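**Q** Pulled these features from TrEMBL for this protein:
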type	residues	note
DOMAIN	11-121	domain 'POPDC1-3'
TRANSMEM	12-29	transmembrane segment
TRANSMEM	36-57	transmembrane segment
TRANSMEM	63-84	transmembrane segment
Amino acid sequence: GPICPSWLPTNHLLFQLSNIFLFLSYMAPGGIHGLLYLRICLTLGSFFFALWGYVILCAFDTLVWNAFFTLLNLVHVCVLMYILRPVRFSAQMETLYRDMFQPLKVSRQQFQSVAGCVKETLDLKPRENYSLEGVSRADRLTLVLAGR
């Protein structure tokens with residue numbers, strides 16, 4: 001005889017929503033934004049599975065497992081959102097980034113790491129010397145932002 005002589009009725013809308021989000025997660029593009037998209041889809045899919053397990057199926061294990069998956073993916077979403085947050089610089093550092101580093105395809109996050117190493121910023125008066133050949137130590141990188 002046939003393998004399935006009679007089919008069960010279609011599952012509840014929550015079950016269908018869960019699977020739609022899982023399906024969408026398979027279409028995540030590459031890169032960090034794709035990873036964020038993937039984690040959001042997985043968060044929503046597991047959330048609807050947990051809700052389905054609690055409200056419709058009344059299955060404790062389905063609820064707990066999917067609540068755990070929801071929480072785990074939500075943590076990943078938060079971490080990715082933190083990584084992707086906008087990086088802001090002071091006006092002087094913004095000019096430096098835009099004029100010197102952005103044309104070299106340095107990301108704002110990479111520049112932020114480099115800028116974090118800045119020990120001091122000096123404003124010199126006209127004719128004031130920053131260093132003198134043979135006198136000053138040459139143990140740091142110096143960038144002249146304005147003047148000569």
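Placement of Cβ uses the backbone N, Cα and C atoms for every residue, glycine included.
Any TrEMBL annotation is an automated prediction that lacks curation.
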**Q** With DSSP, how much of the domain 'POPDC1-3' (11-121) is helix, how much strand and how much coil, in residues?
**A** 86 helix, 0 strand, 25 coil
**Q** Across the domain 'POPDC1-3' (11-121), what does the mean pLDDT come to, as a whole number?
**A** 95
